[in-house]
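A short worksheet on the structure shown next.
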Amino acid sequence: MGAKAPYQTKQLLQLTEYLKLFEGQHVTAAEICEGLHREGVSMGTATVYRNLERLVSQGVVAKYTVENTHSACFEYLGDGHNERHTPCVHCKCESCGTLIHLNCHILEDISEHVLSAHGFALNPTRTVFYGVCEACRTKGSVSPSASCCHHF
């Protein structure tokens with residue numbers, strides 16, 4: 001006999017269907033709760049978090065956390081994601097706080113180099129580059145902490 005499929009509650013199915021609308025995008029649990037409420041779906045915050053963690057453990061959703069932020073971001077990967085999803089790194093704007101999803105083949109080369117030459121496996125779901133996004137650079141709204149030089 002094959003492996004038994006995980007039990008799917010109505011709320012888990014509703015959450016999964018909602019997340020499919022944002023495949024390839026980052027959303028927070030708060031944004032999900034607000035969106036579900038707008039769609040007329042009654043689901044408590046604790047239930048959203050519990051089901052998100054379940055989907056993360058099943059590999060259907062990726063969870064991204066960035067140091068010094070209060071909430072994690074979630075990304076719907078879908079069924080069969082292992083074949084088509086390439087883990088990415090993130091860029092966090094030190095001026096406005098925007099988190100950018102970055103999937104670039106050059107970074108894959110760097111990751112491979114770090115592993116082969118230095119014996120260290122990078123975790124792309126926890127790798128964050130800090131800097132200033134294009135919008136803030138264009139506006140010239142770079143905070144002093146983001147623009148100062150740090151010498152070690």
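Using N, Cα and C of the backbone, Cβ positions are placed for all residues, glycine too.
Annotations in TrEMBL come from automatic prediction, not curation.
Per TrEMBL, the feature Zn(2+) binding site maps to CYS93, CYS96, CYS133, CYS136. Of all the Cβ atoms in the protein chains shown, 20 others lie within 10 Å of the Cβ of CYS93 (Zn(2+) binding site). DSSP assigns CYS93 (Zn(2+) binding site) to a strand.
If you look up TrEMBL, you'll see GLU108 marked as Fe cation binding site. GLU108 (Fe cation binding site) falls within a helix when secondary structure is assigned with DSSP.
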DSSP three-state assignment (helix, strand or coil) for CYS133 (Zn(2+) binding site):
coil
List, in sequence order, the same-chain residues at least six positions removed whose CB sits under 8 Å from that of CYS133 (Zn(2+) binding site)?
CYS91, CYS93, SER95, CYS96, THR98, ILE100
Measuring Cα to Cα, how many angstrom lie between GLU108 (Fe cation binding site) and CYS136 (Zn(2+) binding site)?
27
